[in-house]
């Protein structure tokens, strides 16, 4: 069995004041307390006694039930009507408490005592323990001690039921100075006298009281005067009900007990037998007639109300919308039928007449209540719609949000109060406060929704403003890679953020938000701006290699005036390369971490010393191993930079720089090749010392030419012929690819060229110039070039490789043997393409 503490008291009316047995209520009660699973392990405790003697109070304190108690400040009147049952909380085994309607009550009168007898007999028949609640000063009296009631009950019980030992626990209330030891014998003697005086059937002629009852007596202090003492004594008495069905317990005699699963059927049958016994069912005749007739009249008036045309029209109208004067119209209709009832029932018993009138009024109000709630629903909907419309108009007119909400909330609530007062029914005490609260909640909810929507829109607009003001400028600053990139970004961020926050605070003044909310929204906007910059930084960090190559290409291929460089041989490629790489390294250092907090760091100096300024050739393997062991980039974090602000780790920087060098090496190689080619094409004259030697050594020949002009003419002719041969054979172009390839090419073309010149001179002398010689010369020249192409490529590759070795020694980078071979192959391919 589950612990009783886990089950509530579940108080339920078992039998109402009219004697109707609540079958469904009992079944629900049994299910709620899980009584059916208890088997025989349960007990039933009932209490009877005079009206207003504190029976319900005693049961609540004794068993932690929630029976309704009398309010002494309102006077002494009937509190418990009929019979109520409840689960005793915290008592083992499962114990069911039964609170009976008080006896000798003025509500029923002196003629209507049948229910008292029936309920007392029912309690004695069904209970294991019956508490007889009585005042101490009533001991020895005849009526107040319930002696006539006990006498009748004892008599009928012996006739109707077989012997079943029930414990009668007399609880003496408001104990006086008289000791309990002196009161108990008197009480037992009275009970015995009642038993002896009761006429017994032949079967129980000599049956002693102890076969039917086990009499116990206890006393309690006054509850109002000695409340703490009363509670202590009740707590002690409560202990006696634990394990009450055990041998020697209060309910130790379990003869005739039925299983818990059959408790409901047993109780119904016992009540049926008691109700059908004519010796007990003696209600007053006038009360019975009044009851039947008044109920008929009430039912008739209720039926007429249901079919009343005025009511039906009103009910139909209220379904379509609010009805002005609804309450007054409905009250008038109800008054009509109540007045008719009063006129027809005026000659019947007043108490019955008033009771049935109350029932009629209650049923009539139950009938019209849905229409009343519908009316309030229309008022509620109208109030909310009006508020939405008025608020939107005010906001469109530029009025402040908070002031508009206050103004229209007060106006709409006053209008609703007038409408609910107009819908009130006089006969009912229905309150529209709950609907009014719902209206207020609806208004507050809509106002909150509109406020959130407006604030969200304002916030979104300023976020877009910040995005427009920050995204492109920040991206431009990152691409520019100036001296103080992050300083410029911080200034930009602070300036735009302050402008946006200032305008934002101005735009939300009309909402009258509390300082905490304003501060939170302001902080959110600042965080959004910062997040924009951080996201843009992360985006640009992903494209850093492209930016580095673009920066290198721009600075390497353009001079200080942003004009394209022409490699004439005077440029210092080493210095230009270093400057371009330094600028690219500056871009890389800017993008390694987010620097919005103005914290100093040494990232740029570390990168410069580790990547740009390092010595290419290690003097020894010992030095190389020592350098590798202290590599500042062999880490995944930067000093003085928090991990969440890191965009590119040191290891990634090292990898990016290696990739950057590999992809920009070709540009440097091309520049060196172009510079050397320019030097070769513009340096075909002999060196200056040779010219001086020729002047000194050829002085005599020069004087000879001056003395003999014929030599000058011969030299002039030879010059013209040589010039023609030079132009025709493109000697300068042939020697651009090297001396040996040039000689080989000229040797094969010399004789065809001489022959072609002589042929052309002869044709010109005859006046028949032709282009055949030119075409043949061009064809021969093309054949020669095809023959000498491969030697030219080989010689060019040799020259280019030697140039690469020279540049590699000045670039300041350590490259592996595999990288060198790959670079050589690339240069050879490029040279081959140039030659072709």
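Glycine is no exception: its Cβ is also placed from the backbone N, Cα and C atoms.
A TrEMBL annotation is a machine prediction, not a hand-curated record.
Database features, via TrEMBL:
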type: TOPO_DOM; residues: 1-685; note: topological domain 'Cytoplasmic'
type: DOMAIN; residues: 39-254; note: domain 'GB1/RHD3-type G'
type: BINDING; residues: 49, 50, 51, 52, 53, 54, 55, 56; note: GTP binding site
type: TRANSMEM; residues: 710-727; note: transmembrane segment
type: TOPO_DOM; residues: 731-836; note: topological domain 'Cytoplasmic'
type: REGION; residues: 791-836; note: region 'Disordered'
type: COMPBIAS; residues: 795-823; note: compositional bias 'Low complexity'
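Neighbours of residue 55 (GTP binding site), defined as other CB atoms within 10 A of its CB across all chains, total 28.
Per-residue pLDDT, averaged along the topological domain 'Cytoplasmic' (1-685), amounts to 83 for this model. The local packing around residue 56 (GTP binding site), expressed as other Cβ atoms within 10 Å of its Cβ over all shown chains, amounts to 23.
Scoring each of the binding-site residues (51, 52, 53) by how many neighbouring Cβ atoms lie within 10 Å, the top position goes to 53. Here the binding-site residues are 49, 50, 54, and the one whose Cβ sees the fewest other Cβ atoms within 10 Å is 50.
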